[in-house]
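First the structure, in the form of structure tokens, and then the observations on it.
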Amino acid sequence: MPEARKQVAVSGIQASGNLHIGNYIGAIKQFIELQNKYKMFVFVADLHAITVPQDPKKLEAQALDAVYTYLACGLDPEKTTIFVQSHVPQHAELGWILNTITPLGELERMTQFKEKKAGQNVLAGLLNYPTLMAADILLYQPDAVPVGEDQLQHVELARTLARKFNAKFGQTFKEPKALIQKEGARIMGLDDPTKKMSKSAAAASRIELLDGEAEIRRKIKIAVTDSGREIRFNPQMKPAISNLLAIYSNTAAISISELEKKYAGKTYSEFKSDLADALVKTLSPVQKKYKALAKSKESVLKILKNGADAAKDAAELKMHEVRQRVGLLHY
Ligand code: TRP
């Protein structure tokens, strides 16, 4: 009997700086779980990274760094196609074509664009970020697109563009579904639980995956808490403690309600000290693996080359169809 087609999932991550526990919980951890169920394509979105000015030297190192981190966290090149977006030129090619069917107003209305353009010298690439992302997705005909909540609007646009293209040129693209991790998909800053944990905020606002033990303990110790003393999950009333509970739950694989029970009647400082233990326990094996990988750059580049070759095969199949649908002259 022929094997049922394995479901496909696609996702990308920006190569814009040291990855943190928010990236781990919101994306990487989910990928590690999904790779057993789906045929996954995971790439470093370097073309997206340059929609804001980047230092070329650093950008290259950051892309590689992101790959070391993914591998160290357990992404398995035997199961998942891991590559760099710019190594598969079909992404940019389809991105361009999708731009030609995307109303300007739709892009101007995107929340991320509106946020990022505030006070900046806005580049056209930033406006067109979502069409490139739609291309990233549609090329591989995925069933699922695992993303953080903040990227939901972009996945919706990919669906809209798939429908639009299909209506205009004939059935070509499948409409993918976003896969949002519910509990704790959005990890907030340690210094301000109203802002998403981010690479661009103060260092003490996040636990980076490569932070040493002392650093982790220090940051957790100074993380803001809420008034009152109970350790309860209630993002409205207790945003800071709820965020720490989400981090704890996701790193130690203990449910939030179990944690609430465990810490009933305990102090914030006991809770924080155990949370720091859990983070150290999760991150130290990752850091060991990371260091080993960083010493064998050549073998990691080989993984990326193999990944790009496999991704190109899949992407070219779809692109060939797209060029014909659009009516681009071919041999
Ligand atoms: N924009 C995504 C982010 O910032 C990264 C990304 C780029 C992506 N292309 C993608 C995610 C395609 C999913 C699918 O997180």
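Backbone N, Cα and C define each Cβ position, glycine as well.
TrEMBL annotations: computationally assigned, not manually curated.
The annotation ATP binding site is assigned in TrEMBL to Q14, A15, S16, G22, N23, G148, E149, D150, I187, K196, M197, S198, K199, S200. When secondary structure is read from DSSP and collapsed to three states, I187 (ATP binding site) falls in the coil class. The Cβ of I187 (ATP binding site) lies under 8 Å from the Cβ of I21, G22, I25, G26, K196, M197, N243, A246, I247, N250, each on the same chain and at least six residues away in sequence.
Annotated motif ''HIGH' region' per TrEMBL: 15-23, in sequence order.
Residues or ranges marked as L-tryptophan binding site by TrEMBL: D136. DSSP gives D136 (L-tryptophan binding site) a helix state.
Same-chain residues lying 6 or more positions outside the motif ''KMSKS' region' (196-200) and placing a CB less than 8 Å from one of its CB atoms are 16-22, 150, 186-190, 206. Residues annotated as motif ''KMSKS' region' in TrEMBL: 196-200.
Sequence-distant neighbours of N23 (ATP binding site): residues of the same chain at least 6 apart with a C-beta under 8 Å from its C-beta are I13, L209. Comparing the Cα of D136 (L-tryptophan binding site) with the Cα of every entry in Q14, E149, K199, these being the binding-site residues, the smallest distance points to Q14. For ligand 1, the nearby binding-site residues are D136; that is, of D136, E149, K199, these have a C-beta under 6 Å from one of its atoms.
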